[in-house]
Structure formats: C-alpha cells, structure tokens
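Input: a single structure, listed below in structure tokens.
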Amino acid sequence: MMLLRKLLFYLHFGLVFHAVICLKDTVDVPRFENSLSNITVSLGREAIFTCVVNDLGSYRVAWLRVDTQTILTIATHVITKNHRIAVNHSDRRVWFLHIHEVRQSDRGWYMCQLNTDPMKSQTAYLDVVVPPDILDYPTSSDQVAREGANITLRCAAHGVPTPTVVWRRESGDLLPTTNFSDMQNHSISGSMLQLVKISRLHMGAYLCIASNGVPPSVSKRVMLIVHFPPIMTIQNQLIGTMEGDSVTLECHSEAFPRSINYWTINGHIISQSDKRYEIVTVDRGYEVNMKLKIKKVKRDNFATYTCISKNSLGDTDGTIKLYPISGKYEELPYNELNVLDESPDVSELEALKRRPPVGAIYDPSSPGWIRPLRGRCLTTVAYGQRVEYIKY
C-alpha cells in the first residue's frame, strides 16, 4: 500500500513538473508581433525593413536576401560584404535592416528569420522606383526647317515605372498641329510630336515633359526654327501732308533668318545719319516694324519711298507715295462744270470723272467735282444740285 502511494506521488509530481516545463517553453518561444511590410523607395535613397519579435530570449534574428539565398546579417553582425547593408535593434525586440543608397539591383524579397526549431520567418518585398530621365541621343535636338516642310519631334524617356511623355509649347499657346482631333490641346501625349506643313506660326520652343509619379518630373526644351523669305505689309501706301509738318511712314515685314531692312527715296538709300529723317526699327521675333519719320516736310520730300527687306532666302519691298496737301482754296465756277439736268448713267458718270475742270477735286460722296475755296466753304454741283461743304 505504501509503495502504491509513493508511485502515485511521483507520478503526480512528474506530471506537474512536465506541465511547468512545457508552459515555460511555450512562454519563452519567440514570436513575430506584426507582419513584415513591403516597402518602396526611390533610387539612391535608404530602405529600412522593420521586424518586431517578442520573447526572443537566447534566440537570434537573421536577415536574408531570398532570391539570391544570401545571408545578410546574424544578430548584430553583418555577414555580407555589401558595405551598404547595416543592422541594429531596439531592446532586442525591434530589429532593423538598413540598405543605404538603394540600387535597382536591390529590388527583390527579403526575410527576417528566427533560429527556432522549426525555423520561423517572414518575408517582404523591396521595390525600387526610378525617377524619369530623358535620353539625349534618341531625343530630338533643336530643329531648323523651311516653311512648308513636315517635322517630327521625338522624346525618349526611361524610369520605373515607365514614364509618360507630354509635349507642350513653352509659351503655353495651343499646339498648331493637324494630327490630332482636338485642336484646342495645350498638350499632346506621346513620345512623338508630328507637325505637318509647318509655318512661321510653328516657330518657338517645345517642351518634352516626362513623369512617372516619382519626383521630380524632367523636361527637355527643343527649339523649332522655321526659315522663310521676307514678306512686306503696308497699311497706307498713299499719304498726304502739308509742307512744314512731320509725318511717319510705316512698313511691316516678316522674315527668318533676320532680314536687313532699309528705306530709299526715289531709288536712293536713306542713311541713318541723315538729320532730316529718323529711322526706327522694332523687332518682335521674326516680325519687324519699320518706321521712317520725316521731321519737317519740304517740297523735295514729296516723292515715292520704298521699304526694303532682305535675307538669305530672298527679298521684298513696298512703296509709299507722299503727296502734298494745300491749305488754300478757290471757288469752282459753275460754268466749268458739266452740269446735267438729269442723273447721268454709269457711262456718263465715268466720263464726268475723267474730265475734271482745271484745279477741281472729285468728291465721291456727291459725286461731283469741287474746287477748294479760299476762306469760305467748299462748293460742288452734281446732278443739277448745289451742295456746300464746311472748310475745317
């Protein structure tokens, strides 16, 4: 009986001891608190993995590169020869794996491992993104073309993720292209910008902008230069003035390359040093405003003036005739006019215009011929009626 009691006692003690040991082992076995998080970093930055372990005890934490099966660190020791790898911890609970100056080759899976039996581990992915960059060689440089040609501007960019490319004008103006359905575009997506039958309106700076969500976005400036021969525009080709007054003649020219611009009078070049004149040329890109001011008009200034524009592709000119206006008037006698009892037909009116009385001026508003009146009103007779015009 005593022997049976002793056996039961030892059996009970052994079961309790085993339970305590098992409980102790259960409490002391390390465990991960959180999952290892995937991280994304930009090229050249620092990547940091964080592994949180509870109840590490005498066990050790190791970091491994999964895809290359490389041991990076064990506990606080760096095993790999990669000088960009570092490890540290906080109270042996929070363990950090540092990858400095991240490269694209660092992209992949990483493992935080515990040397338990069986082994415990968790993995996470490192994604390395690369800001966009524009490649110089495949991308268009500044372009020079003749007006009417077709031009294609190209822009090659790389990065991770793959960048999108947008074209826009540096000035912010609409893109003058017929290759796209929406003609109100301030920007066009795509690596190529096609311009058909370019004109001087296409001239200017174009920006190729690449972006992929990784700052910073980058751009390249491509200058398009359009060559064309000069053209001349004159608003007033016939200008009247009085002796002693000053008058300004104006021409507007467009040309590229830049033109040489000058004035002539009756075929003779007007010098910049001629004190009788003031020559002003205002450039706005390929446009030029030419101004010739005659400071004090004299009798010999009543002549034909020519504005001339020349460049390597051609030349053009325009003429302005300066005529005198008198300030004294005389009355036109009635008997000097061919007064009609009835309204003339078209042929008779044309004949009337072609047979002006001496010194008369044709007034298209009447119609009829008038002769200036000294110190009085202007008088005209047309279609049998007498009309008076006030002299200002």
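Every residue, even glycine, has its Cβ placed from backbone N, Cα and C.
Noted in TrEMBL for the protein shown:
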- 1-22: signal peptide (SIGNAL)
- 30-127: domain 'Ig-like' (DOMAIN)
- 132-219: domain 'Ig-like' (DOMAIN)
- 229-326: domain 'Ig-like' (DOMAIN)
Response to the item:
Averaging pLDDT over all residues of the domain 'Ig-like' (30-127) gives 96
Worksheet item: Which residue counts does DSSP give the domain 'Ig-like' (30-127) for helix, strand and coil?
Response: 3 helix, 53 strand, 42 coil
